[in-house]
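According to Swiss-Prot, the features are:
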type     : residues                                           : note
ACT_SITE : HIS9                                               : active site, tele-phosphohistidine intermediate
ACT_SITE : GLU84                                              : active site, proton donor/acceptor
BINDING  : 8-15, 21-22, ARG58, 84-87, LYS95, 111-112, 155-156 : substrate binding site
SITE     : HIS154                                             : site 'Transition state stabilizer'
Amino acid sequence: MPILVIVRHGQSEWNLKNLFTGWSDVELTPTGEHEAEYAGIVLRPYHFDIAFTSVLKRAIHTLSIILNQTGATIPIIENEALNERNYGDLQGLNKAEVGEKYGAQQLIAWRRSYTEVPPGGESLENTCQRVIPYYQEKIEPELKDGRNVLIVAHGNSLRALMMHLEKISPEDIAHVDLATGAPRLYEFSSKLDLNSVSYIKLPETPLDVSTLL
């Protein structure tokens with residue numbers, strides 16, 4: 001039976017600084033690289049046939065580290081449909097400072113609402129409108145053919161996909177988050193009915209990755 005694993009990229013430089021990132025193309029921090037290494041370690045027991053990611057380097061780098069850890073050599077498809085939600089004019093701004101300027105309620109609406117559009121950017125609804133068709137047209141056929149798929153992308157593009165796969169409502173998605181570097185496993189039937197959803201647990205204690213290479 002086919003499986004799908006989704007992974008949010010490791011911590012980025014702007015995650016660390018609490019900045020709105022969106023389509024800004026920033027790199028991973030050393031912590032983010034370690035998160036990707038841990039994800040790769042726990043994914044070693046799983047076989048993947050193909051991987052999908054965005055065109056942003058924090059996701060591409062995370063995927064590269066994961067595949068290096070698993071030892072897999074598989075096709076990789078990069079597409080901007082899997083990019084992070086575009087935060088428009090908020091990109092590069094500190095979230096706390098935005099809250100001070102516009103108020104906490106507006107900050108929460110821009111970050112968590114399904115329909116709220118930041119100036120010059122996308123709502124989560126807009127993000128769904130590109131992520132879900134791409135999944136249906138390009139990724140779902142791979143699963144239907146029995147292939148195991150790995151997707152490494154971003155918090156909001158993956159939340160959009162979670163809404164579709166797990167039938168999460170626009171109201172409930174506001175309370176759903178996805179930690180950096182935490183693999184989420186979807187197991188399907190041969191007819192692509194969803195059988196189970198679970199996180200593949202990362203190590204409870206820090207690992208010396210060098211001993212596992």
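Note: Cβ is positioned from N, Cα and C throughout, glycine not excepted.
Remember, predicted model here, so these are calculated numbers, not experimental data.
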Task: State the count of C-beta atoms found within 10 angstroms of the C-beta of HIS9 (active site, tele-phosphohistidine intermediate), not counting that atom itself.
output: 30
Task: Would you mind listing, in sequence order, the residues at least six apart from GLY155 (substrate binding site) in the same chain with a Cβ closer than 8 Å to its Cβ?
output: ARG8, GLU84, ASP177, LEU178
Tertiary neighbours of HIS154 (site 'Transition state stabilizer') (same chain, Cβ under 8 Å, six or more apart): ARG8, HIS9, SER54, LEU56, ALA59, LEU82, ASN83, GLU84, ARG85
Message: Using a 10 Å cut-off on CB atoms, tell me which of the binding-site residues ARG8, ARG85, LYS95 is the least crowded.
response: LYS95
- prompt: Residues with Cβ closer than 8 Å to the Cβ of GLN11 (substrate binding site), same chain and 6+ apart in sequence?
  reply: LEU28, THR29, THR31, GLY32, GLU35, THR180, GLY181
Statement: Close in space but at least six residues away in sequence, with Cβ under 8 Å from that of GLY22 (substrate binding site), the same-chain residues are GLU84, ARG85, ASN86, TYR87, GLY88, LEU90, GLN91, GLY121
- request: Show which residues of the chain containing TRP14 (substrate binding site), separated from it by at least 6 in sequence, have their CB under 8 Å from its CB.
  value: PHE20, THR21, SER24, VAL26, GLY92
Count of other CB atoms lying within 10 Å of the CB belonging to GLU84 (active site, proton donor/acceptor): 26
